[in-house]
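K.L.:
The following feature annotations were taken from TrEMBL:
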DOMAIN    12-322  domain 'Kinesin motor'
BINDING   Gly98, Ala99, Arg100, Ser101, Gly102, Gly103, Lys104, Thr105  ATP binding site
Amino acid sequence: METKMTSHGRKVVRVVARVKPSTDLVSTRSISVHKPMGEDSETVSISFGAQFAGSKDSYKLDYCYEENQTTGSILTKEIKPLISTVFEGKDANVIAHGARSGGKTHLIQGNERELGLTVLTMSEMLSMAEERGGSVSVSVYEVSQETVYDLLDQEKRVVAVLEGAQGKIQLKGLSQVPVKSLSEFQNLYFGLKKSQKLTSDPPVRSHKGVMIHVTTGNANPGSLGRMNFLDMAGYEDSRKQNSALAPLEIARINKSIYALQNVMYALNANESHVPYRESKLTRMLKDCLKGCNRTLLITCLPREFSQDSFYMLNLASRICLGSNRAMTNPTKKKINGLERSISLSSAAQRRQTPLTVSATSRKQTVLRGSVTERKTKINTAASAIKARKLFGEANDSVKCKNSSKKMEGKARMALKNGISTSKVVLSVQASSPKEEICSSFTVTDSQSSLVEEEYSLAFSSSAVAMEPGYSTNASLSSEAVYITDKETPRKHEEIFSGATHCDDAFADKAQIVERDENNSVIEEDLTLVINEGENLDKENNSLLANETASPPLSMRLQELSNNLKSICKISNQLSVPEKYQSPLTILQAEEASEHSDITTEAAVNVELRTPERTMPSNIGCSPWKAYSAHSSKLKNSAVGEYLKFINTAGKEDLKKLKGIGDKRAAYIVELREESPFKTVDDLKSIGLSAKQVKGLLKKEIGEIFE
Ligand SMILES: Nc1ncnc2c1ncn2[C@@H]1O[C@H](COP(=O)(O)OP(=O)(O)OP(=O)(O)O)[C@@H](O)[C@H]1O
């Protein structure tokens, strides 16, 4: 995968830093900037002072503007080329991100003494528009708690983010005010604070944006491009004790910061899927960001750095390097106290990582039209998960393959339950050369023999959201890989219904929902729907609190125990020809089940017992090796089940676990609201040592054999 370039030969997302002067002149926690070719450097590296454990590490960016460089120099070097593209009909973005109080607002908005980038750019654009006979108008918006507000409206009207039939984003309700002069713009821009109502009490932190629209002259009026300035809410560790905001609120803000970072990473890495739907902000800016529109990401760094700005710089550097996965991840190094300090921070950050479930939550899709009109493709969260590479990588194809199987099994089951006259033909295609395992299966109507639906499942082997320092061996939770992105059905829906509100509901996990003419659900499986307005954290909480979705741990462990027995059987049958162990076995089992009284549970067991086609190494190797491989899979599943239980069980059920009392149960519930437990290591955050965690698991899993 290559870093994406525009037709001008520049990166789609250029990443620079802006250093805010230090208030503490004698500080030793100072960053240093290395520009190998002075001002002409194509890459610069930023490193930290000797007092910081990460002092040996440096982070590469495209450029860094230091204190002695004015905002005007950023305009000349970075923004002017973007303005030209806007007058050529493209969109451009200038995004300031960073830790809290890093100087984002100062840079974007400025003040009376030092004009910010928006004002300087407006001045340039007004002159250019005058020269070319065009006109300029402006929109000002705020994104707060997954809601977009129009700041040029006295009442701060809510802006609806709509997606048209062509996938074009419409921002319904966002005012565009014509601007003729700079003073007019300044009055409008700086007068906002005084005239407006507060969004909520207590105030919440938000992302603020200014969109400058350019239109051609009067003779042939038409929209050219847009220049979008975004002052992002500051990142901060949600575990900070002294923060004015509640941890959940901080986590929500951080989640939307990550979502935009994921999009920029995907754009720069030229990934096939860009996760625009992860947040309201990324959805609303989709058209501005997509294609060859250019983005300037400015990481605002105080000279006197903090852990938070270190973390933002790390992520910015990854966006900058895009596809360069060979980059040394400095956070993985074991230098003195570094590993400890990073893992501490990452443990904290893990708790506020955008939850995989919600981050990849997808809108409920209702397929309309007659059966024969349906042609639907379901892509799983591969890309969404893949986009998480920004936060680290993990290669555990076996787990993903397992998940792929489970997913297929579940989806097939859903189809089977819902389409009574259909016959499910399952075929496993080839593993992609990259990191995805693709399977597809086709549903044919046995009566008409017309192919009506094609489902394709693609699973990425990259892990769920990870922070720097997050163990790459972390187990994937089964939840993380069951998610379905129903992008295509969505479009399908829009063909029938025209513009659709993007935000009506989210559904999570694999789902196949159909409605009859009366709009009542005729088929529903694995579907959890969250209505608009429920924030993503709530969404997770409510999902996790859904105890009906969680059979008791003992049942699950019993199921695992049964599977172990099945695996042992399979180990003894290794001489069985491979063809009998292929996924065809599943089909045969299913076909057989159609003629028997086999229950859904039993069908799941058939699926779980099916040996992995993707592990042909087992065939013909020693029984011991095969047994070890299966045992390790079993261990992972058991751990996965345990974590699933921890993430879903009610307090009383949690207390049934060994070593979990009232306090710990309450703490678990509290922590998982912020972010589910993804690895066994996460359990340390409830005050258990590694040894205790191991002991707990041993006892719990050992009990199934008693
Ligand atoms: N380049 C600069 N020179 C001098 N002072 C600056 C500079 N950048 C920021 N400051 C000052 O630092 C303080 C914090 O800056 P600012 O409000 O821009 O940070 P922020 O990143 O927008 O904060 P938040 O994350 O809370 O939105 C302000 O008092 C601002 O005037």
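Just so it is clear, glycine is given a Cβ too, placed from its N, Cα and C backbone atoms.
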K.L.:
Please list, in sequence order, every residue of the chain apart from Gly98, Ala99, Arg100, Ser101, Gly102, Gly103, Lys104, Thr105 whose Cβ lies within 8 Å of the Cβ centroid of the ATP site.
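P.N.:
Same chain, not in Gly98, Ala99, Arg100, Ser101, Gly102, Gly103, Lys104, Thr105, Cβ within 8 Å: Lys20, Ala96, Gly234, Cys300, Pro302, Ser309.
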K.L.:
According to DSSP, which of helix, strand or coil covers Thr105 (ATP binding site)?
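P.N.:
Looking at the DSSP assignment, Thr105 (ATP binding site) belongs to a helix.
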K.L.:
Let me know how many other Cβ atoms fall within 10 Å of the Cβ of Arg100 (ATP binding site).
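P.N.:
Excluding its own Cβ, the number within 10 Å is 22.
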K.L.:
If you check the binding-site residues Ala99, Ser101, Lys104, Thr105 one by one, which have a CB less than 6 Å away from any atom of ligand 1?
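P.N.:
List returned for ligand 1: Ser101, Lys104, Thr105.
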K.L.:
Any idea what the model's mean pLDDT is for the domain 'Kinesin motor' (12-322)?
P.N.:
87
K.L.:
With Cβ-Cβ distance below 8 Å and at least 6 positions apart along the chain, what are the contacts of Gly103 (ATP binding site)? List them in sequence order.
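P.N.:
Looking at Cβ-Cβ distances below 8 Å from Gly103 (ATP binding site), excluding near sequence neighbours, one finds Arg18, Lys20, Cys300, Pro302.
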K.L.:
Work out the three-state DSSP category of Arg100 (ATP binding site).
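P.N.:
Note: Arg100 (ATP binding site) is coil by DSSP, not helix or strand.
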K.L.:
Under 8 Å Cβ to Cβ from Thr105 (ATP binding site), same chain, six or more residues apart: give me those in sequence order, or none if nothing qualifies.
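P.N.:
Counting only residues 6 or more apart in sequence, the Cβ neighbours of Thr105 (ATP binding site) under 8 Å are Ala96, Gly116, Lys208, Asp231.
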